[in-house]
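Notes follow once the structure below has been shown.
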Amino acid sequence: MDYVYGPGKNHLFVPGPVNIPEPVLRAMNRNNEDYRSPAIPAMTKTLLEDVKKIFKTTTGTPFLIPTTGTGAWESALTNTLSPGDRTVSFLIGQFSLLWIDQQQRLNFNVDVIESEWGQGANLDILAEKLAADHSHSIKAICIVHNETATGVTNNLATVRKLLDHYRHPALLLVDGVSSICALDFRMDEWGVDVALTGSQKALSLPTGLGIVCASPKALEASKSAKSVRVFFDWNDYLKFYKLGTFWPYTPSIQLLYGLRAALDLIFEEGLDNVIARHTRMGKATRLAVEAWGLKNCTQREEWYSDTVTAVLVPPYIDSAEIVKRAWKRYNMSLGLGLNKVAGKVFRIGHLGNLNELQLLGCLAGVEMILKDVGYPVKLGSGVAAACAYLQNNIPMIPSRI
Ligand code: PLP
């Protein structure tokens, strides 16, 4: 029984945690097992090999850590850096802000590059800092690939180009929590040193796995990094990898079976098709927003996110009221505006296990809510704009051709 029951399915459109597909739910519905039996290490081996594919890496070393995105951040930082190390970090929204706060609390010397919320990372300032850093005092660039609070996707290829242009050896640490497995992400090609995500986002699992992938350079850095780490120490994992038992402590058996099923579904659809599906969802949502006469919080097209759209509302509307109504009247969950954009935006999450018709249900719901709160929307306008695009662009379902 739901804690607060509503008829039909809840339309879950927050940008994580997202819908869990039925085969994954079924795969997780099982008893505990002895993780030291031959079965769990054998499955773990396949998981470690296969998660590398979603990071697009052949040289990276993955870690499946029983944690959330926040723990994955901590794992990336404490394994590669020492207290006092200078990091350059971009403040563009709530999640980049929280990561910066974590970096400060872990005693790194954080050099913050701030942008208005709705803008992407200011890479011109990064270029200036790299050019001026002759002594290589910057040890890491920390960047959130997709800022979930504002729906902004940063250009990681350009960050890599800048590092290469200035021949700067700083590590590139990337939060891919709301991007990996949904947006184009290329760990090896972009020279990302640590990439991380959380299971409740595009992988469409319950919360509880932080998936972190370290480049050979990051593993090398971990040998001399002096930050205190215990639970997150990669070295403990590596010891057990060598032994072939894989786990320094008890994994969640159910999540591992869930991850196996989730990866199988992603590979069955094809990772590139999964990414293309997200591209369509993002585009359809933006077309609807435009048809409603509303503005995207993301200020430039180059930063548009295909996993979450933050919609700006007119000043006479409180966006929190939209989110409240969605839940109370239409059994739909939308994302709130966070911190600086609280009351100003609501967010439509369109990531993970989701199809176009589900999205149209959400868009129809948003139209009714907009009318409820006094915004003069023409009912059907956003849905029509999204349909016109989707009808021309939805491919056959790969497994059914
Ligand atoms: N990074 C990004 C981009 C996020 O969107 C989130 C959560 O939404 C986090 C980090 C934090 O992840 P968690 O809540 O799993 O700790």
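Glycine residues also receive a Cβ, built from the backbone N, Cα and C atoms like all the rest.
Whatever TrEMBL says is automated annotation, not expert-curated.
Predicted, not measured: the structure shown is a model, and the values here were computed from it.
Annotated features in TrEMBL:
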type	residues	note
BINDING	Arg347	substrate binding site
DOMAIN	15-291	domain 'Aminotransferase class V'
MOD_RES	Lys201	N6-(pyridoxal phosphate)lysine
(message) I want to verify one value. Collapsing DSSP to three states, which class is Arg347 (substrate binding site)?
(response) strand
(request) Return one of helix, strand or coil for Lys201 (N6-(pyridoxal phosphate)lysine), based on DSSP. (result) coil
(request) Quick one: average pLDDT across the domain 'Aminotransferase class V' (15-291), no decimals. (result) 98
